[in-house]
Amino acid sequence: MAGKAHRLSAEERDQLLPNLRAVGWNELEGRDAIFKQFHFKDFNRAFGFMTRVALQAEKLDHHPEWFNVYNKVHITLSTHECAGLSERDVNLASFIEQVAVSMT
């Protein structure tokens, strides 16, 4: 991924996060990260979703923290390089939303 990640400023957050909040992403209390839970019809759809996200995350060299049980996938995004939320997280969350919508 080109360029060093920087932690989002208050102004950048005000500009970039409302669309993600509107679709269920939440900022984590006590940690500079965003989180969302996804529910699918079954395990195969949940795993397919994770596979599509994983391929994109690898291309971006920006990987989510996630947890899966059967049809549920919990995702947390934060950028280790800047110890907080960066535009990389916003971009990956937006991609994740597109994948989730296409799989429901």
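The backbone N, Cα and C atoms fix where each Cβ goes, glycine too.
Annotation source Swiss-Prot lists N-acetylalanine at Ala2. According to Swiss-Prot, the feature substrate binding site maps to Asp61, His62, His63, Ser78, Thr79, His80, Glu81.
Cβ atoms within 8 Å of the centroid of the Cβ atoms of Asp61, His62, His63, Ser78, Thr79, His80, Glu81 (the substrate site) belong to the same-chain residues Ala5, Ser86, Arg88, Asp89, site residues excluded. The C-beta environment of His63 (substrate binding site), restricted to residues of the same chain at least 6 apart in sequence and closer than 8 Å, consists of Ala57.
Of the residues the record lists as binding substrate, namely Asp61, His62, His63, Ser78, Thr79, His80, Glu81, the two whose Cα atoms sit farthest apart are 13 Å from each other. Ranking the binding-site residues Asp61, Glu81 by other CB atoms within 10 A of the CB puts Asp61 at the bottom.
The most crowded of the binding-site residues listed here (His62, His80) is His62, judged by how many other CB atoms sit within 10 Å of its own CB. Look at His63 (substrate binding site): DSSP puts it in coil. Here Thr79 (substrate binding site) comes close to Ala5, Arg7, His62, Leu85, Ser86, Arg88, Asp89: these same-chain residues lie at least six apart in sequence, with C-beta atoms under 8 angstroms from its C-beta.
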